[in-house]
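As written in TrEMBL, here are the features:
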BINDING   8-15, 21-22, 58, 85-88, 96, 112-113, 156-157  substrate binding site
ACT_SITE  9  active site, tele-phosphohistidine intermediate
ACT_SITE  85  active site, proton donor/acceptor
């Protein structure tokens, strides 16, 4: 039995400002560092064999803090852009709540949470899914099937796309899923990569509002 742990990075500078970040490489805030520490403290029962992480510093720094808390800094770490956040295109850097006022609640929710509705010159969640799932199958799933405990640190939409696949969720359900800043999902997996158990740790009461 292996474990797959998904962690959303701690608060970033643009999270704090309510901006859509996408592939912009912003840093963690001090609160974001504390978010990462709490995530690490929530994982004290797991000895990881390998870590995967997005290439953006808000994710890599979150992973660094987690591994330091766990005293597991010597494990193999693989960075890959395949697990990076959704590209928000023309909306990158814009305050999401100001955009909501401009375009209205219905269009905003469609833009933010629909499955196959890309931002102008950006990605839809479906497109994120289409780049992260092949990577998951080729790399992460093989580790899980070899009975390795794996941690993946990334951003909300890339993790939502992965959860859609591993939990086999319909489009309408993934639209409702909010993966909060600093939250930790722990999956116990069988030898075929099927879920045996799921646990959410370090739950963020502000999920979906940041």
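Glycine residues also receive a Cβ, built from the backbone N, Cα and C atoms like all the rest.
All TrEMBL annotations are machine predictions without curation.
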*What Cα-Cα separation, expressed in whole Å, is found between the residue listed as 'active site, tele-phosphohistidine intermediate' and residue 86 (substrate binding site)?*
14
_Between residue 22 (substrate binding site) and the residue listed as 'active site, proton donor/acceptor', how many Å separate their Cα atoms?_
5
*Cα of residue 11 (substrate binding site) to Cα of the residue listed as 'active site, proton donor/acceptor': how many Å, rounded?*
14
*Among the recorded positions listed here, 9, 96, whose Cβ has the fewest other Cβ atoms inside 10 Å?*
96
_Give me the CA-CA distance between residue 96 (substrate binding site) and the residue listed as 'active site, proton donor/acceptor', in Å, as a whole number._
16
_Rounded inter-Cα distance in Å - residue 156 (substrate binding site), the residue listed as 'active site, proton donor/acceptor'_ = 7
*So for residue 8 (substrate binding site), how many other CB atoms are inside 10 Å of its CB?*
27
*Express the distance between the Cα positions of residue 14 (substrate binding site) and the residue listed as 'active site, proton donor/acceptor' as a whole number of Å.*
13
